[in-house]
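Okay, structure first, notes after.
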Amino acid sequence: GTSRQIPQTIIIGVRKGGTRALLEMLDIHPNIVVAATEVHFFDWDENYVKGIEWYRNLMPFSYGNQITIEKTPGYFTSPQAPGRIHDMNSSIKLLLILRDPTERVISDYTQVYYNRVESHKPVQPFEDIVIKNGVLNTKYKAIQRSLYDVHMEKWLKHFSLDQIHIVDGNTLIKDPLPELQKVERFLNLPSRIMSSNFYFNQTKGFYCIRSDGRERCLHESKGRPHPLVNSTVLEQLHSYFREHNAKFYRMVNHSFDWH
């Protein structure tokens, strides 16, 4: 009685915003099934040309009463993804998880840093990448990815605001349940996720998941310690993002507790 369904909901981003945590926490819900890996169908041309049936075949089997969800954080910043997703399903519901843009930049750097260390490649201090000739290097990809207003503008050309639910990534990590209950309501699902599904792991410093009699934490690559960043550089980042954040708040009719 199961079949593979094209996703009715997609987590479109943002990279280093908490997409994996959100997906795994939603997987607790009996009416949700999730794709195991990032598919990169709508943002990578070499996958998109393979067609919609190739995409469907990467989805998990589901029952008729279940919603299929996939997440690819690269969609949010992709110029092609909004139009391609709209062409597939113009009434789809989208989930976007965001966090403080400066924190997101540092987290983005941290992931690349550890990947380079593990591959025995040379690494540069954060400040040397973010500052060039005494000024903020705004061409740095990690900074570009944190310009939420710039990317959101592209999505709002194809989708109405009520089709995009924004999850507060900073809140999700500190107190998951209220954010997940908002997602349940947005997806018109019965309330099934409970506080007993989470427990705080002192060693890791964030919440882990308890469901079906099993306990699991996010992969060890999640929640890695960030480098200590020079306070002047932090202030330069906060200052640069301030106007972009204000514009984003106006776009989505909602303010966040960001610098």
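Residue 1 is the first one shown; counting continues down the chain.
Every residue gets a Cβ built from N, Cα and C, even glycine.
Keep in mind that what you see is a predicted model, and the values were worked out from it rather than measured.
Going by TrEMBL, these are the annotated features:
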- Lys16: active site, for sulfotransferase activity (ACT_SITE)
- Lys16, Gly17, Gly18, Thr19, Arg20, Arg99, Ser107, Tyr207, Lys222, Gly223, Arg224, Pro225, His226: 3'-phosphoadenylyl sulfate binding site (BINDING)
- Cys208-Cys217: disulfide bond (DISULFID)
- 7-246: domain 'Sulfotransferase' (DOMAIN)
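Taking every protein chain shown into account, Arg20, Arg224 are the binding-site residues, and of these the Cβ with the most other Cβ atoms within 10 Å belongs to Arg20. The recorded positions recorded for this entry are Lys16, Cys208, Cys217, and the Cα of Lys16 lies nearest to that of His226 (3'-phosphoadenylyl sulfate binding site). Rounded to a whole value, the Cα-Cα separation of Arg20 (3'-phosphoadenylyl sulfate binding site) and Cys217 (disulfide bond) is 11 Å. On a Cα basis, Ser107 (3'-phosphoadenylyl sulfate binding site) lies 6 Å away from Lys16 (active site, for sulfotransferase activity). Between the alpha carbons (Cα) of Cys217 (disulfide bond) and Gly18 (3'-phosphoadenylyl sulfate binding site) lies a span of roughly 13 Å. The Cβ of Gly18 (3'-phosphoadenylyl sulfate binding site) has Ile97, Arg99, Val167, Gly169, Leu172, Ile173 as same-chain neighbours under 8 Å, each 6 or more residues away in sequence.
Of the listed recorded positions, namely Lys16, His226, the sparsest CB environment within 10 A is found at His226.
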